[in-house]
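Student: Let me begin by handing over the structure; questions about it come next.
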Amino acid sequence: MIEIKQQADLKNYHTFGVPAIAEYLAEVHSIEDIREAIDYARSNNLKLNVFGGGSNVLFKTNPKGLTVVNKITGVEVVRETEKEVELSVGAGEIWHDFVLYCLDHKYYGIENLSLIPGTVGAAPMQNIGAYGVEIKEVFKHLDAVHRETKELERFNNEECQFGYRTSVFKTTQRDKYIIARVNFVLSKVPELNISYGAISQTLNEMGISSPTPEDVSKAVIHIRSSKLPDPSKIGNAGSFFKNPSIPNEAYEKLKMQFPNMPGYSQPDETVKVPAGWLIEQCGWKGKKVGNTGAHKNQALVLVNYGNAKGQEIFDLSEQILKSVRDKFGINLEREVNII
Ligand SMILES: Cc1cc2nc3c(=O)[nH]c(=O)nc-3n(C[C@H](O)[C@H](O)[C@H](O)COP(=O)(O)OP(=O)(O)OC[C@H]3O[C@@H](n4cnc5c(N)ncnc54)[C@H](O)[C@@H]3O)c2cc1C
């Protein structure tokens, strides 16, 4: 039996720290609970919202209807060979705890994704990624309850249509499923990926010349903790915007006007431009606007200095979108889900 709370404060259910009250709230611990929540919403004519750790959402308003928080736990080994292991993981497991569990058991492949907040079930939603690794590289399949039929359906890697911070669950299948379990295939043989960002430099500074995956995880944790604001101290949801990809010719034109503009060529004849750089060039880095602002170390992260309302943060994001459009002619897209 699920417990339904009314007028539930969402303070401990999301990382932006803005005031938000759920009309109804239920934590689900099993697939049966998910089905019960769907029935409850249907019989009371309520909209259904689903969250994990609330680390990629901004509550602009109070969520109407029934807010379901996924708390399905458990990690099971379903297959194991000498070289790899397949794990089935409850969608409500905390992502970083799962990374640490894997390192403890010497299962490798997600050490670069250490310290990303949120749950395992939300990870495929936007194909979480950091330091040169995305979860699509270790993802096998997921099981999700269809919100209409209540059937459990399986999506393999291809069916999820993973892309840069996106999947089918953010596009054609948006709001249609509740993810219950995710299966990953991890390697028992370490294969390090330390070429990206400051990982190898940090390992050097740590005096490590032959790193293990555990060392890579520690380096990533060190970099992230020194660069990104801790949501338990300063409310935020990580990168607020995605890095835009623009056509090669458009990039070449902009580069003549802004010779320092960084860009990374993509296989589809576009160039990915760091959104943080664009925002910084518009003067937002470290700038405070009322109770909000763009973080001093990373302009891509919008923060709540304590008493911000969701609408204020949203308004700031609108101003940033406009200034980037005016200066560079580039339309940024929000990564954070606006509620
Ligand atoms: C400090 C900080 C740093 C971050 N760094 C990164 C980073 O490096 N890389 C990165 O990719 N992301 C990053 N993020 C964003 C965030 O951590 C990820 O998007 C994470 O996967 C969100 O998990 P969550 O459980 O908190 O999802 P929520 O915020 O609860 O939900 C996010 C979306 O997924 C949906 N959803 C959640 N669970 C389910 C489910 N079980 N079934 C169906 N839909 C569901 C929600 O409806 C919502 O649309 C960062 C966030 C913060 C605060």
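Placement of Cβ uses the backbone N, Cα and C atoms for every residue, glycine included.
All annotation found in TrEMBL is predicted automatically rather than curated by experts.
So TrEMBL lists the following for this protein:
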- Arg165: active site (ACT_SITE)
- Ser239: active site, proton donor (ACT_SITE)
- Glu335: active site (ACT_SITE)
- 16-189: domain 'FAD-binding PCMH-type' (DOMAIN)
Student: Can you give me the same-chain residues 6 or more apart in sequence from Arg165 (active site) with a CB-CB distance under 8 Å?
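Tutor: Within the chain, Arg165 (active site) has Cβ neighbours under 8 Å at Gln126, Asn127, Gly129, Lys242, Glu335.
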Student: Only counting partners 6 or more residues apart, tell me which same-chain residues put their Cβ under 8 Å from the Cβ of Ser239 (active site, proton donor).
Tutor: Ala275, Gly276, Gln298, Leu300, Val301, Glu335, Val336
Student: How does the model score the domain 'FAD-binding PCMH-type' (16-189) in terms of mean pLDDT?
Tutor: 98
Student: If you count Cβ atoms within 10 Å of the Cβ of Glu335 (active site), leaving out that atom itself, what do you get?
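Tutor: Neighbour count, Cβ to Cβ under the 10 Å cut-off: 20.
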